[in-house]
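One structure is given here, and the rest of the page talks about it.
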Amino acid sequence: MVTLFTLSSSSSTFLFPTQRTKLSTTLTHFSSLPKTPTHLKKPVLAVTSLSSPLQCDPSLPPAVQTFWQWLRDEGVVTAKSPAAKPALVPEGMGLVAHRNIGKNEVVLEVPKRLWINPDAVSGSEIGNVCSGLKPWVSVALFLLREKYRDDSKWRLYLDILPESTNSTVFWSEEELDELQGTQLLSTTMGVKEYVQSEFLKVEEEIILPNKQLFPSPITLDDFFWAFGILRSRAFSRLRGQNLVLIPLADLINHSSSITTEEHAWEIKGAAGLFSWDYLFSIRSPVALKAGEQVFIQYDINKSNAEFALDYGFIDSSNANRDAFTLTLEISESDPFYGDKLDIAESNGLGTTAYFDIFLDRSLPPALIPYLRLVALGGTDAFLLESIFRNTIWGHLELPVSPANEELICRVVREACKSALSAYPTTIEEDEKLKESKLDPRLEIAVGIRHGEKKVLQHIDGIFKDRESELRQLEYYQERRLKDLGLCGELEDIIFWEPK
């Protein structure tokens, strides 16, 4: 019996910095860690004075005040800029407007000389030994080396970085138990294995042979810290930058109320009294009054699972972030494996295809055709012949045969039921828990598993409705006969396409 498809996580493709999820064409921000989701309550600020743009709130930790002074010394903080300053907010630390800010007005600008990115690594003492590494690995090593150097250019910035985040890669075994049955659990374990593997390799090839460049021992925990910092705070998609840490800018928190990612640019401008440089410029997506927190949208297309893994929180106010990934595959034991693979590759897919299903969104356009292709067999196999090769995908966008359509409905529904049975709690139990005040990590776990279950029920409902319509559909043979004028018009025909 050929397995039609499996449901699994895609941890092997969910690795930093390359992600399976489509990236925005504008800048994507992997921001600072909020302690609680930003949508839960309005900011309550512990700010004694917002009058002077040069002064930092004296109630902030000394490290933050020293960091602010460093920005003043570097010319980032002047009497005119930035328009916002660090402050204590419900999320932990954020940026708050010290004056009214108009929509699309510049909030801050940070010169390129202060960025931490692959270019900074290349120009450093470890540039040569890191030249062949993955960009994120080289930046992670650079970050760790600078962290343990008292004379680091970024010393005062590094001092304000958190020691950990609520990302699931830092959860204990007991905390991870709350993710049983979820795709996020297997994804998290896959990412942890990947990071450990990268560390062991770079330790053997780079760190140990070059102890003079890495005077302080670098442990696996150190490497995970750097990974977490990059995952949660780095910006990307900036003039080809794969990832870049930008001091001050990474204090800006996320809000689901911001519906655009058009907020950051790289421009060329004054970076000091007599110097010019490329600047990272952030503009406020909305108008703000003095005392209000500056927010941006981290990534419109990310699921809550990705938010939990990257930033350590979920956007529970937005049901469209609840997702489940269907992993479909053409079995190598399929007698038509070669033909099916050729057709899949001709349409931008492969032996395995991943489809992210989001709650309250339409099914991915290629999902149903791919399902029909994987299930194709028996008397329908004639469609795999070379004569149909240039047109078969068009045929697969419509029902092929009752047997083919019934098979995909039955197997999808069985897979959904199997996935739902793997969770240790019911959706009703999760809903009751969500009404309680939970530990931040337990809140994430409950939100993730509740969201996955809702999406699985959504998928099951779609194919359940589909099963009830099978007799009313028009299939390939009927369409072909009609095209040849060999049968009359049928009444009550339904052309079922992805909803």
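In case you wondered, yes, glycine gets a Cβ from its N, Cα and C as well.
Note that the structure is predicted; figures quoted are calculated from it, not measured.
Copied over from TrEMBL, here are the features:
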- Arg233, Arg237, Asp250, Trp265, Tyr298, Tyr311: substrate binding site (BINDING)
- Arg233, Asn253, His254: S-adenosyl-L-methionine binding site (BINDING)
- 74-299: domain 'SET' (DOMAIN)
| field | C-alpha spacing of Arg233 (substrate binding site) relative to Asn253 (S-adenosyl-L-methionine binding site), in angstrom | value | 10
| Averaged pLDDT score, the domain 'SET' (74-299) | 91
| task | For the binding-site residues Arg233, His254, work out the Cβ neighbour count at 10 Å and name the residue with the minimum. | result | His254
| request: Would you count the other C-beta atoms found within 10 angstroms of the C-beta of Tyr298 (substrate binding site) for me? | output: 24
| task | Give the distance between the Cα atoms of Tyr311 (substrate binding site) and His254 (S-adenosyl-L-methionine binding site), rounded to the nearest whole Å. | result | 10
| request: Using C-alpha atoms only, work out the spacing between Tyr298 (substrate binding site) and His254 (S-adenosyl-L-methionine binding site) and round it to an integer in Å. | output: 6
| Cβ packing number for Asn253 (S-adenosyl-L-methionine binding site), 10 Å threshold | 26
| field | Inter-residue C-alpha distance, Arg233 (substrate binding site) and His254 (S-adenosyl-L-methionine binding site) (nearest angstrom) | value | 12
| query | Minimum Cβ neighbour count within 10 Å among the binding-site residues Asp250, Tyr311: which residue? | reply | Asp250
| query | Hey, what's the widest CA-to-CA gap across Arg233, Asn253, His254, the S-adenosyl-L-methionine contacts in the record, in Å? | reply | 12
